[in-house]
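Residues annotated as domain 'UvrD-like helicase ATP-binding' in TrEMBL: A:6-291. What TrEMBL records for A:ALA27, A:GLY28, A:ALA29, A:GLY30, A:SER31, A:GLY32, A:LYS33, A:THR34 is ATP binding site. The domain 'UvrD-like helicase C-terminal' annotation in TrEMBL covers A:292-573.
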Amino acid sequence: MEKYLSQLNDAQLEPTIQVDGPMIIIAGAGSGKTRVLTYRIAYLMHKGVDSFSILALTFTNKAAREMKERIAQIVGESEAKNLWMGTFHSVFARILRVEGHHLGFPSNFTIYDTQDSQKLLGSIIKEMNLDKDLYKTKQVYSRISSYKNSLITVKAYFNNAELMEADAMARRPQMGNIYKAYVDRCFKAGAMDFDDLLLRTNELLTRFPTVLAKYQDKFRYILVDEYQDTNHSQYLIVRALADRFQNICVVGDDAQSIYAFRGANINNILNFQRDYDNVKLYRLEQNYRSTKNIVGAANSVIDHNQTKLDKVVWTANEEGPKVKVHRSLTDGDEGRYVASTIWETKMNQQLNNSDFAILYRTNAQSRAMEDALRKRNIPYRIYGGLSFYQRKEIKDVLSYLRLILNPSDEEALKRIINYPARGIGQTTIDRLVVAANGLGKTIWEILKEIDTVQVNINNGTKNKLRDFVTLIESYQVMNQTATAFELAEHVVKSSGLMREFNKDGTPEGVTRLENVEELLNGVKDFVEGQQELADAKGDLAEFLEDVALATDLDNEKGDDDVVALMTIHLAKGLEFNNVFVVGLEEDLFPSAMSMNTRSELEEERRLFYVALTRAEKQAYLTYALSRYRWGKLVDSEPSRFIEEIDDQFIENITPKEERRINPMLSADIFGDVEPNKVRFKKPIQPKFKKKEKKAPEKFTPSTPKNLKKVDALGKNDVPSTNLFDGNLAVGNIVSHMRFGKGEVLKIEGKGTDTKAEIKFEVAGVKKLLLRFAKLDVIG
DNA sequence: AAAGGACACCTTTTT
DNA sequence: GGTGTCCTTT
């Protein structure tokens, strides 16, 4: 027997060496399911299964990559790299590149991300003259997404009286027509959205039996990880592919199903045994990750759910410290508590930053944590949120690259046809769209025929359009020979993007430039990485595909020693020595939007279960009595989930005297920074803005900037513009309407961004924008 | 057509 | 608190 198998316990070994037939592994949190999957694949290969015929579908690219590396260590690099392993989306995108032509898609189809899709829907709704308040793009998008995930095509939609009535009842009778227009436009643009990658795969396998047979024959052994989070579309793909050989192994944990909002159907795992004959069922119930207290706490919570499979997770690990529960006054305090605890624990136990994770329900909660960590100089990294590739400047560059590859890509074209500004305005673009829709052509085709096509655009503008076409075509020529990196660099420099990002010189502009630089480095790394692989070309197409399906978790650079901040969703599958689950408050976690039905609430509870079970040694649960939400201070109650934990596993550690903060370690020596921040920003800014509106006729036409200055500085007759010109000096004593008397400590920035750091007698040290601050120099 | 301010909406979670 | 979109001004 292969020696790696000796590393498995009996429960793990059985499913690992079961080669043929359908099987389901119900794997509790931390029970070693990745290990089983990895070894099972290695075992299959040792038993003579061709590595080309194994398909392993994972939930993240990262999981796939790590598993592949581990398998490579056992069976060797050259064999491991033949495995088909990746997310549903990436594997089937790859197949659609080859087979998409059956459905009329070019092999270089674009993958639209959520932003692209929603923008397209926005234009469609506008073009159809519909009420945008009734047809909100986000809602329309998620509606269409759920149709697609349920395999309801446009045709099926119009055959489904019930659905149409539901939409009509929701005062959206045009949903079907929007859906149709959206699908048509994507098709015309040679684009697929995320859901299409699954839906079109289903279409391919259903309509083309020879294609189905080809892949059934190819993928003789199929493994699916995180099966509890598959949606209907994914479920059908797996069933179709596994139908011939029935060598299907699914792994999952119903207690960790947390993606219902995007169509995941927990019944796929609950009913797996009905879908195939002679299904072998295995259970992994021993947790190797966490202490007894953590496992006990997690179990006691999940017991409150009605819908679940029989399973008892237990551990032989040490008892460990109890789960700690901490209450704060505000979210700011919560952040400071977390930061100081990390700081102390790190010192006391000689731990690394990477031994800590802060998990939250919503991305917006990261800010309070960031502020606190920064003040303590604790390095951290935020995962998720606005991903790198979603940033404006990055999407701008990528849009150029996308257009080079697929000029039909309407969203990319609309984004950059006038960016940087080339005098092609909205009116022109609208006319192009109308012409394109009328003739059933793409905008690019219209542009190419601009001389002959009937369109109401004047000659000057036509010249600009021709220049744009020439520019893109020159890039296309370059793409024939250059690497993705050479091309991307050339595009950034020659398109005027670089100049655009460079021109303002603001801190934001500098950040933009840095991001673009990082993107270019990313392209370079990618090209070099791909060139080492024999079967990859490292060309633009491969890079863009990689980018379209990359998640933030995949962009891990090195193994920096940082505290990890992320949503609980993103944390699934990960583990950390110490875990802080923050913001455990009613309406936040569980979310106010998920408490209407039992099933929604149960999903929130599973999410909490996932959060708790990320911890190996110590879990902290924190909540605040009030929290800033949408810029407002809102009272909150502790989450019901805390109540649901059996008392024996938790310990309340809220100090009696909550406000004892060591002044040396806290930046807000003069009191709580948070309320002041709001009081300072809110009233002053609007006052100034309102005044400006009334002001203009009083003054002779001068530059608006002068108006601002005089206005902003208020009533005193001293030309307060002085403060801008540097006449406010360090050491000056000033008076402020709200903060009173203070001394200027420091002046930084210039122009309208000039800021002064002022130490007020009562209010403490504040940094004020001179443009807004009403200051009188009194000494 | 470009630029800048006002305003609305936002927040669940993501491939 | 931040972003995206609308509206106004030049």
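Cβ atoms are placed via backbone N, Cα and C, with glycine included.
When the binding-site residues A:ALA27, A:ALA29 are scored by other C-beta atoms within 10 Å, A:ALA27 scores highest. In sequence order, A:LEU284, A:GLU285, A:GLN286, A:ASN287, A:TYR288, A:VAL313 are the residues of the chain that are 6 or more apart from A:SER31 (ATP binding site) and have a CB within less than 8 Å of its CB.
The Cβ of A:THR34 has fewer other Cβ atoms within 10 Å than any other of the binding-site residues A:GLY30, A:THR34. Under a cutoff of 8 A between CB atoms, and with a sequence separation of 6+ in the same chain, the neighbours of A:GLY32 (ATP binding site) are A:LEU8, A:ASN9, A:GLN12, A:LEU284, A:GLN286, A:TYR288. Taking a C-beta cut-off of under 8 angstroms and a sequence separation of 6 or more, A:GLY28 (ATP binding site) has the following same-chain neighbours: A:ASP253, A:ALA255, A:ARG283, A:LEU284, A:GLU285, A:GLN286, A:ASN287, A:LYS311, A:VAL313. The record gives A:ALA27, A:GLY28, A:ALA29, A:GLY30, A:SER31, A:GLY32, A:LYS33, A:THR34 for ATP. Within 8 Å of the mean position of their Cβ atoms, the other Cβ atoms in that chain belong to A:ASP253, A:LEU284, A:ASN287, A:TYR288, A:ARG289.
Its Cβ placed at the centre, A:LYS33 (ATP binding site) has 22 other Cβ atoms within 10 Å. When secondary structure is read from DSSP and collapsed to three states, A:ALA27 (ATP binding site) falls in the strand class.
Mean per-residue pLDDT, taken over the domain 'UvrD-like helicase C-terminal' (A:292-573), amounts to 87.
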